Amino acid sequence: MGAEVAAAGGSLPGFLGRKSRYARMDDVLPPEPEDGGGVRVRGGGSSRRYVFACSVFASLNHVLLGYDVGVMSGCIIFIQKDLHITEVQQEVLVGCLSFISLLGSLAAGRTSDAIGRKWTIGLAAAVFQAGAAVMTFSPSFAALMAGRLLAGIGIGIGIMVAPVYISEISPAALRGTLASFPEIFISFGILLGYVSNLAFSGLPDHINWRVMLGAGILPSISIAFVLLVIPESPRWLVMQGRLADARGVLAKVSDGEEEAQERLAEIEEAARATGSGKAAWRELLRPSPVVRRMLITGLGVQFFQQATGIDALVYYSPTIFRDSGMTTESQLLAATVAVGFSKVAFIVIAIVLVDRVGRKPLLYISTVGITACLAVLAASLALLKHGALPGGAAVGLAVLTVCGFVAFFSVGIGPINMVLSSEIFPLRLRAQAVAVGFGLNRMASGGVAMSFLSICRAVTVAGAFAAFAAVSAMSVVFVHLFVPETSGKTLEQIESLFGGVGVASGELELGGAARLEHKRLVPNASSS
């Protein structure tokens, strides 16, 4: 009953052949007699490839968000020329997407519980397609805003449901890696948007921005194929009483029949505590100490991800580079493409490391690195303004620090906020809590995007990034105080990290850094 497991000697075959430091408690098999007590772990390559494919398909909606963010940084230059919009209208057009997507995120919690995670993914794509089409053919600023409204709601729905879906089909040993996929697709979408800006900037001003926006419809069309391929979330199926369907899905995403049964039993046990949607909202509004700690962690990470200024860098990178001394549009757009490549490259590194290194160490690296880059960027722009830094050096430092910022962001807090948000809450609260977290994330994003130009006008670009550096320094303290290590644990076990009813004390031991440890099998171990 109280058996504990050691990692000595054996190692978990990681995803696609990669070695993992962690083994799930339910993946460890009894020692082989001829091995003299070594630990054997299941392989399950085919099930992992299937989970991988489902995670990729579920993340495609995030390309839409990334593309919209990236393409708008260049579109706004040509929209201003074609429609003659003011600076305030530029801020509203850019920043409103985040506030509008907040509505979609909040609606997605109820929608995903009502029609399922899978069909909510399809709904998100359909709404975005309608919005992108309206924006493409907009004759005026008002029509452009109407299309932005629809696109924002679709994006809000999509960015909420995919991390939940992925966390609910993934085994614990792979959940961090797979739940990071939405962020890499956002990064890839941003890069596509930057490339689209550069590729179509040579067209006439009344056509180029329309082509840039219209190209965003293409990724969403693929969602129709996705709905024919991916299964429904087994946790949602259990909540609907469809146990046979849930068992069938788990058989496809687990390493064997035994593991599928164990995961089904865990989900059923968690589902017994699940009440109605109204009950979930009541519990979130009047949280217990355990739920309060979960909310502090989940909402805090969502807030700091955006409050450090990532959307200001992504949306307004041409403005930043122009302030550092760049002049031509081609130079500005080419520099943004470099930023996009940096973001994609480092998000891939994060996906490799998130289950090897753990969530918290990557968050430390990320927040400290972001703080340093923001401080250097602010200092270099201030020195340039006072004539204490040569123009060429200022341009080089601006490109280096902006690329460094997105690199540190992408290796840590960028993807990990999605991982944590989708895994720390119990099943009965997950959809609603994740929706609230994404809502806060979108509010912070919109606040940054809609106020950045005005702040720069009031305190200079250097002053704005000095403020972001101060916020980023606070995020380092937050990670240290409030974020536990969740790598390698099942969704049901994570509740114990926050003081809830967790797994038996003999299964897991949390060290001072809350790291999952594997111990040797102890004969005749007793359970308290």
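Quick reminder: no glycine exception, Cβ is built from N, Cα and C everywhere.
As given in TrEMBL:
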| type | residues | note |
| --- | --- | --- |
| TRANSMEM | 50-80 | transmembrane segment |
| DOMAIN | 54-487 | domain 'Major facilitator superfamily (MFS) profile' |
| TRANSMEM | 92-109 | transmembrane segment |
| TRANSMEM | 121-143 | transmembrane segment |
| TRANSMEM | 149-166 | transmembrane segment |
| TRANSMEM | 178-195 | transmembrane segment |
| TRANSMEM | 207-230 | transmembrane segment |
| TRANSMEM | 332-354 | transmembrane segment |
| TRANSMEM | 361-383 | transmembrane segment |
| TRANSMEM | 395-420 | transmembrane segment |
| TRANSMEM | 432-455 | transmembrane segment |
| TRANSMEM | 461-483 | transmembrane segment |
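Of the candidate ranges 207-230, 332-354, 361-383, 432-455, 432-455 contributes the most Cβ pairs within a distance under 8 Å of the transmembrane segment (149-166).
Here the transmembrane segment (92-109) lies next to the transmembrane segment (432-455) in space: the count of CB pairs under 8 Å, restricted to residues six or more apart, reaches at least 3. Each of 50-80, 178-195, 361-383, 395-420 was scored by its Cβ pairs under 8 Å to the transmembrane segment (332-354), and the highest score goes to 395-420.
In summary, the transmembrane segment (361-383) lies against the transmembrane segment (461-483): three or more C-beta pairs, each 6 or more positions apart in sequence, are under 8 Å.
Confidence across the domain 'Major facilitator superfamily (MFS) profile' (54-487), taken as the mean pLDDT and rounded to a whole number, stands at 87.
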